[in-house]
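Reading through the structure tokens given below for one structure.
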Amino acid sequence: MSNMVNVSYGLAGVLADDTAISKVMPEINSLTYRGYKVQDLAAQCRFEEVAYLIWNGELPNAAQFEAFNTVEKKERGISGDLLTVMEKFNKKAHPMDTLRTALSFLGQEDETTEDSSPEGLMEKSIRMYARIPEIVAADFRFRNGKEPIAPKKDLAFSENFFHMCFGKIPASEVIKCFEISMTLYAEHSFNASTFTARTIASSTSDIYSAVTGAIGSLKGPLHGGANEAVMHMLKEVGSPEAAKAWMLDALATKKKIMGFGHRVYRSGDSRVPTMTEAFKKMVDVIGTAEAKNYWEMSRILDDTMVAEKGIYPNLDFPAGPAYYLMGFEIPMFTPIFVMSRITGWAAHVMEQLANNKLIRPLSNYVGVGQRQINRV
Ligand SMILES: CC(=O)SCCNC(=O)CCNC(=O)[C@H](O)C(C)(C)COP(=O)(O)OP(=O)(O)OC[C@H]1O[C@@H](n2cnc3c(N)ncnc32)[C@H](O)[C@@H]1OP(=O)(O)O
Ligand SMILES: O=C([O-])CC(=O)C(=O)O
């Protein structure tokens with residue numbers, strides 16, 4: 001049926017609200033958080049400083065940074081009840097499903113869930129930011145038949161995550177690469193999962209419900225799930241020698257190539273050069289033939305896609321193999337994205353509620369016309 005009205009499918013091009021958190025500038029392939037270029041933040045800041053910036057609008061001074069980290073460290077430690085439930089999770093479930101369920105569990109456990117005052121929202125945001133890494137790490141260990149490792153309060157955010165997953169902390173170059181990915185993944189305006197969080201918040205529901213819904217949205221391979229799909233693709237391609245032919249065949253058979261394309265950026269994702277450089281550093285630190293293979297393969301896939309279709313890689317393309325080389329299992333990649341994006345989601349819930357208007361667009365009805373019930 002033809003449309004007599006102008007429908008913006010997928011809300012493409014629609015300005016849905018104001019935001020002061022981040023600015024995506026596709027015309028100059030740039031991205032700022034609270035006015036700071038994401039490349040500068042990735043080079044110069046710890047992820048904790050970026051989280052503070054996203055929530056408070058300014059980078060912290062030394063005293064503010066220490067106070068923020070003290071609160072986060074105090075919030076570490078998920079309950080015995082949650083660990084008991086997690087131990088019973090289906091070991092075959094995707095870690096995004098178990099994380100979604102665990103996050104929802106945090107919401108029913110917290111007696112302040114209904115407190116949506118600015119202070120209440122900030123407290124719960126820091127609580128989720130502190131506990132999500134422990135959920136991701138404990139889930140990884142349970143599914144591998146191992147006991148979880150408790151968080152360590154003297155470790156920084158990223159070091160603590162590696163400690164909880166593997167019981168050891170990798171080289172500083174690996175931590176730096178991980179931190180860069182955390183900073184780049186933190187916030188990206190009205191992407192699907194953030195808009196989901198804002199939509200849920202707009203009915204004046206609670207922040208845990210908003211984040212639970214956002215996790216569900218991020219899981220999809222058209223969004224955050226692409227970082228896992230990229231790694232599956234690289235494994236399927238197998239070698240640099242096979243990469244060009246693989247891509248040409250995939251394009252000839254109209255396959256969607258994971259880690260390429262973007263709704264907003266049409267000539268390159270602002271975050272890709274920084275993440276690609278970090279991925280290359282990981283390859284050099286690891287130094288194995290396998291690592292070099294993934295690097296060379298990814299270069300050929302990128303060049304072929306750009307040459308053939310003019311479609312550029314998005315952040316998931318370099319982030320997926322970088323996480324793989326850090327030793328994470330592929331289904332952990334999108335949960336790791338959640339560990340970072342909780343900052344953006346929570347900031348958007350706060351912003352939405354500070355000036356709330358119920359999100360309720362219109363639909364263009366294309367079903368059957370009005371009719372009478374005619375029973376025989
Ligand atoms: C962190 C993130 O969420 S970043 C996004 C991660 N997602 C992915 O990497 C999944 C792969 N990419 C895609 O599916 C898409 O590029 C999206 C979903 C990201 C954006 O989609 P849209 O803005 O709706 O663009 P759309 O799908 O209309 O693409 C426009 C054209 O480019 C093509 N195209 C876009 N991306 C790709 C791709 N990855 N592989 C092959 N063709 C592609 C489409 O087929 C379409 O071609 P057509 O006009 O001949 O039909
Ligand atoms: O902005 C988008 O649509 C997807 C994206 O890159 C992100 O969420 O980081």
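Cβ coordinates are placed from backbone N, Cα and C, and glycine is handled just like the others.
TrEMBL entries are annotated by machine, without manual review.
According to TrEMBL:
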type	residues	note
ACT_SITE	HIS262	active site
ACT_SITE	ASP316	active site
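For HIS262 (active site), the same-chain residues 6+ apart in sequence whose C-beta sits under 8 angstroms from its C-beta are ASP269, TYR312, ASN314. The Cβ of ASP316 (active site) has GLY224, ALA226, ASN227, ALA229, VAL230, MET258, GLY259 as same-chain neighbours under 8 Å, each 6 or more residues away in sequence. The secondary structure of HIS262 (active site), as reduced to three states from DSSP, is coil rather than helix or strand.
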